[in-house]
Amino acid sequence: MGMCLCLTVPGRCLLVLGLKLFFLIPAGVPARSGEPGLKDNITVRQGDSAVLKCNVDSKVSRVAWLNRTTILFAGNEKWSLDPRVVLMENTAVTEYSIKIQNVDVHDEGPYVCSILTNKKPKSTKVHLIVQVPARITNISKDVTVNEGSNVNLMCLAVGRPEANIMWKHISPWGTHRFVTEGENLELKSVTKEHAGAYECIASNDISTPDYQTVQVTVNYPPFISKARSTGTPVGQKGVLQCEASAVPRADFEWYKEDRRLLNGLNGVKIENQGKQSMLIFFNVSEEDYGNYTCVAMNTMGITNASIILYGVVMLELVVPDQWFMIQLV
């Protein structure tokens, strides 16, 4: 009959004879594919409940559920110390089923419903498969690089089935563009167009995808995108505007010929707002007309643009019942 093993459980001693669970565990467990009694796999998502069903009849004298060699239930008596494993109640008399609540990955594996009928053991085998939603576990930190550098981004994810990883670029201007698939993203000789958020998307169709982003900042020298000459009559308010894109943000200086203009002196005001700088004349005089230079600079470089403040003459033209103002340059 084999060796005897006594397992001590609070309040009782459980006797297993010949390691066959009262003759309930037949030789050859687990069953091979194609053998009678083999059931389909049971697939559940992590955190859900799994119901393992076993059909019995009136001829059954003993029945039990096992996980590998661990006894979960023998008849109505619970042997498992896991509070998540319960015997299903209010089921048909021909059904002997257990439920595993809040299923986790370590629950995956073979389960056997072992039945003794007229001293002839038989079994039903099922294999529990636990699916895990994709989840990002590690991703590169935000990075700042100079234009022309290389950037390597990494995104790691887990999941069952294995997570699929996709990268998407969201530019500072709001455009979305698919970049590549895989854990690693390599950007070579980056330009300012490469700047923005890179979104790592991990999915395996078990649940909604997991998203995380890496912010890539690209430093580049200023370039002046707006510098338009302006005509203003004597005695009027005049404004010269200069706009420059740059990372880091550009600092501005204004010059007339070789003389730097200072804020609040000689009747001018310099007002900087973001990437725009304005040179304001409160009361334009003949001496103010001429060529001005807007200089934009940051740690990456320096650039300039020439802007002209020129005079205009305003003439009034009066005709019966009508009035016109004509600007002459």
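Any Cβ shown, glycine's included, is placed from N, Cα and C.
Taken from TrEMBL as is:
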SIGNAL    1-31  signal peptide
DOMAIN    30-127  domain 'Ig-like'
DOMAIN    133-217  domain 'Ig-like'
DOMAIN    221-308  domain 'Ig-like'
The domain 'Ig-like' (133-217): DSSP-derived helix, strand, coil residue counts: 3 helix, 54 strand, 28 coil
Summary of DSSP states over the domain 'Ig-like' (221-308), given as helix, strand and coil counts: 3 helix, 58 strand, 27 coil
Counts by DSSP class (helix H/G/I, strand E/B, coil) across the domain 'Ig-like' (30-127): 3 helix, 48 strand, 47 coil
For the domain 'Ig-like' (221-308), mean pLDDT (0 to 100): 94
